[in-house]
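This report concerns only the one structure given below.
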Amino acid sequence: MEHTQEHGACLEQTQKYCVERPIYNQEILQGQLRRRDRTPQTLRQKIAHSCRCSSKKAKSHLYSFLPILKWLPSYPVKEYLLGDIISGISTGVMQLPQGLAYALLAAVPPVFGLYSSFYPVFLYTFFGTSKHISIGTFAVISMMVGGVAVRQVPDEVISVGYNSTNTTYASEYYSDRDFKRVQVAVTLAFLSGIIQLCLGLLRFGFVAIYLTEPLVRGFTTAAAVHVFTSQLKYLLGVKTNRYSGPLSVVYSIVAVFSKITTTNVAALIVGLTCIVLLLIGKEINLRYKKKLPVPIPMEIIVVIIGTGVSAGMNLTESYGVDVVGNIPQGLRAPAVPEIQLIPAIFVDAIAIAIVGFSMAVSMAKIFALKHGYTIDGNQELIALGICNSVGSFFQSFSVTCSMSRSLVQESTGGKTQIAGALSSIMVLLVIVAIGYLFEPLPQTVLAAIVMVNLKGMFKQFGDIAHFWKTSKIELAIWVVAFVASLFLGLDYGLLTAVTFAMITVIYRTQRPQYRILGQIPDTDIYCDVEEYEEVKECPGIKIFQANASLYFANSESYTNALKKKTGVDPCAILAARRKAQKKHAREIKKANELKKKAVLKLVNSSSNDVEGNVKHEIANDELPVNGKSLDELEHFVEPETNIHSLILDFTPVNFVDSVGAKTLKSIIKEYKEVSVHVCIASCSGPVMNELTRLNFFDNNVTRELLFHSIHDAVLACQVKHRSASQTASDL
């Protein structure tokens, strides 16, 4: 008890520090500091240095490009292998039904979803840096791919031209339309992979920062609505065209409800039953996840049950239920994508590349932070680029990280990329050996799997209430991303959302918060005078702070806010002064006219008393003019301000452009004309260098106006004012 009381007493003691030093401005500080000698490298030297190769550098680049060479030799088999095996099997069991289901979203036959669940996943094991994310098919990316495929090959297309090899394969397994859509999806994967690979090699991993969390969440919520509406036709068993582009979600809903009377009741019952079973399974997994050794693989259970029921009851022949259909056994030979399609899908490929990378790297960062390792954003770009571009030669469409599978892979004990490799091997076994068993699987079962997996995305509607409380601007970004993506389509919606997000950045810099700072008594700490009662302004000194940089877009608002907050407007003071001086000149002129009249009065007057009084008034300039004596007019007091110093706090300023520098110079000049001394405090080194490059400093504006801290500036202003006052009193 005594120890606790002593500890509390120690905490109550205020720690103090006392520093005695001169008042520093930048001129004095730069004079006392010695700069390090830095020899700038020429462009030729930089290129030569970057191209120089050594064994150590080559090894580092190799390990960076192939991370598996770094972690696999030291893989702790006894500690990690069992967890990776269990995790790989659990993830693979999810990978199978999701691959089949998301192929429908991509508007390609289901087997291509299996190809996309094998090749990219296996490749990521070698090139990826995240130990826990599950690469493969994902609803949002599949929906974007499907939108492009349907736009390029609408439902009305019956036959298209192919070379002889492709025609033979298409006629044997799929319709010409489906095969052409496969070519579009494959080429899109190839192009998006090349874009990701190039961005990674050029170290452009930072592009993901432009997709902020509210933007991504609003975009994926809209994508969930698109996905849900696209699956209604399969759930109800109705035949409608698939739409893409602006208002496609509206057209899809109208098309489904216009055919609602043709609903296949058997398909609907099977689909609703699967939805109920999946929701129950997910709820059990969520509620008892700590007690269950592995999550219940409800998706594969539903697929097996649905396939068995369909085959046993012959749902296709008896009730007209659409099924997956032909699944070719074995792997296809590699083929070159249709290069001639690239110009038509280039913009879509950019959107898919950036969205795919953004989702993968965001999940990778979450797991890396949780488990205490680092990921390389640029290498993740390279890995995804290789997965998509190389996978496209083997008929896979664009892939990224799946949130649901990644959570399963991590929660079931996955430790390394081995878990992902094992899940891909499970998919390979299905493709090679038992894929044909899933041919009777009803499409309504796959639609049920897709719809239930959207549950997490639909929960993102709760973001509206969250952002309403925390940030109205982020709420606006979320709403714009959602509405634009919902009605304009995912491609144009993403472009609109990114543009709007950038506009909000400009808006924030144009409308920053402006404050007048004051001193906490007996300290060198300065805070907002409107926020704290104890904070007091220094007499005769205004300290102005704006939490934004000073550049062309906000320089005018900065100046206006400065005048409004400080209450000192040099233009208004000078205008009032000129007006007063003109009025003073008129009154002096009027006084002189009165003098002349007085002289005439003196000449014409015969009274000695009047003569004496007038002489006295003329001699002493006491003739009244508008209630003022001539002496008062001659000593007219011009409009003045009680502020003698103005300090601009540059602590939040990150950069200044040429317009900002001119604005700053203009402020200093204008306030000098009304006898207000302007100085700048807490200017960072990079901003100082920018001001130097912009020729901000000259004979009138020197580095003596810049101070290391606000307190230095305040003390310097007080000393300067006292000195000026003393000089004026001496005169």
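Glycine residues also receive a Cβ, built from the backbone N, Cα and C atoms like all the rest.
Annotation source TrEMBL lists transmembrane segment at 100-127, 133-150, 184-211, 249-280, 292-313, 341-361, 418-438, 475-507. For 531-717, the entry in TrEMBL reads domain 'STAS'.
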Contact set, same chain, for the transmembrane segment (249-280): CB under 8 Å, 6 or more residues outside the stretch: 225-226, 229-230, 232-243, 298-299, 301-302, 305-306, 309-310, 315, 319-322, 442-445, 447-449, 451-452, 455, 486-487
Proximity verdict for the transmembrane segment (418-438) and the transmembrane segment (184-211), three or more C-beta pairs under 8 Å: no
Chain residues in Cβ proximity to the transmembrane segment (292-313) (below 8 Å; excluding those fewer than six residues from its ends, i.e. six or more beyond): 86, 90, 93-94, 96-98, 100, 270, 274, 277-278, 280-282, 284-285, 319, 321, 323, 408, 411-412, 437-438, 440-442, 445, 448-449
Other parts of the chain folded back onto the transmembrane segment (100-127), taken as Cβ under 8 Å at six or more residues beyond its ends: 65-68, 134-139, 142-143, 145-146, 149-150, 173-174, 178, 181-182, 185, 227, 230-231, 234, 242, 303, 324-328, 331-332, 379, 382-384, 386-388, 390-391, 394-397, 399, 417-418, 420-421, 423-425, 427-428, 430-431, 435, 438, 441, 443, 446-447, 449-450
